[in-house]
Amino acid sequence: MVEQSGTTVPAGAVSPLAEAVVDLSAIRHNVALLSGAAAASGAQTMAVVKAEGYGHGAVPVARAALAAGASWLGVCTLDEAMELRAAGITAPLLSWLHLSGQDFAPAVAADVDLSVASPAHLAAVLDGARRAGRPARLHLKIDTGLSRNGVQPREWPDFVDEAAKAVADGLAEVVGVWSHLAHADAPHHPTLDRQAARLNAAWQVARDRGLHPLRHLANSAATLTRPDLHFELVRPGIAVYGLDPLDRPAAESPLRPAMTLRARVVLVKRVPAGEGVSYGHEWTTPAETTLAVVPLGYADGVPRRLNFRGRMRVWLAGKSRPVVGRVCMDQIVVDCGQDDGVREGDVAVLFGSGERGEPTAQDWADELGTIHYEVATGVHGRRVPRTFVNGADEADGGAAW
Ligand SMILES: *Cc1c(COP(=O)(O)O)cnc(C)c1O
């Protein structure tokens, strides 16, 4: 049996043209490293599995992370939180981006911790708690300098008063006081210390009201580089997936990238010299050559501008080979030159860990002028099913092709 996109299908019944292979042993390796670092400073680890586990699949990643040393999970939306609960995951789970008009009763009933970042959000969550008939678990968010979500420091004391009143009324428990860093990828940037000091001041206000919340601030980069900012809980995301938040080359990073994006060649053919290839004929065959068609394109998360400079490569039949011409919606064309060893059905690796010589998500990000976060989350699960390998309790699926 092969697990794809969270559902189990009989092996062989579905033969996807393309897939994102997610190595759960890499997830466990990365989480063990992160939670080990956190534990060394007495902190727990929240594995962030928002955005479908950064494109890797939230539920299988969450299970692997919990097996490897994480004790919390973090997501962005209530839908994401409820999906994890529906899958039977009972670990502490924080959700942090909401409308104050949402109905929070189901989330409170499902024991989802809720971030609140304004009096209106707090009131809505308390209303949910009343209707659910149990106290809400709150994480009060302070804006320490990112100026995105969170309560401004000057409004904080009144906000904490409201939360303390809800606790006294039996409507809430204040589990955390938290914030998010603006320059975590620059570990010595002066804003890190300033944000930590503001978090501590906010936490002290809560302590002065008799509350005993956890503090949490560190994302992946700060988990790896700033043990002094671990506080009681860290929230790594990108590093869980093996993408290095400090942009170290694959060979120097202790992390292992978990995702391999690959597809089977659907057609191999000889084309004469002087023929234009793909839309707009941006590339012309310099001599008779062998072309291979690979069924992945910009609708799947292979950005069209990845080959604007003609530098995109794939790993195919034991070699790195150039993609020629424009990336289309569903396809790319690979030049195999005079190599007659490439066959329909062969596997082209678009990106992976880099260990076999294939490009990495970091290589794509460099070419695109973006970050690997965008590359991984850009792989569209609907067209590119995820195949999970090296799970703790399931047979390997699909690894061989
Ligand atoms: C996404 C996110 C994280 C994880 O950040 P990484 O840089 O991926 O480690 C942590 N906290 C919050 C609030 C986030 O939105």
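Placement of Cβ uses the backbone N, Cα and C atoms for every residue, glycine included.
Caution: TrEMBL annotation is automatic and unverified by curators.
Quick look at what TrEMBL annotates:
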- LYS50: N6-(pyridoxal phosphate)lysine (MOD_RES)
- LYS50: active site, proton acceptor (ACT_SITE)
- ARG148, MET329: substrate binding site (BINDING)
- 258-389: domain 'Alanine racemase C-terminal' (DOMAIN)
- TYR279: active site, proton acceptor (ACT_SITE)
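Looking at TYR279 (active site, proton acceptor) and MET329 (substrate binding site), their Cα atoms lie 11 Å from each other. Each of the recorded positions LYS50, ARG148 was ranked by the number of other C-beta atoms within 10 Å, and first place falls to LYS50. Recorded residues ARG148 (substrate binding site) and the residue listed as 'N6-(pyridoxal phosphate)lysine' have their alpha carbons 17 Å apart, per Cα-Cα distance. Mapped onto DSSP helix, strand and coil, the domain 'Alanine racemase C-terminal' (258-389) counts 24 helix, 47 strand, 61 coil. In this structure, the CA atom of LYS50 (N6-(pyridoxal phosphate)lysine) is 26 Å away from the CA atom of MET329 (substrate binding site).
Look at ARG148 (substrate binding site): DSSP puts it in coil. In the three-state DSSP assignment, the secondary structure recorded for LYS50 (N6-(pyridoxal phosphate)lysine) is helix.
Within the same chain, the residues at least 6 positions away from MET329 (substrate binding site) whose Cβ sits under 8 Å from its Cβ are GLY297, TYR298, ALA299, listed in sequence order.
If you take every residue in the domain 'Alanine racemase C-terminal' (258-389) and average the pLDDT, you get 96.
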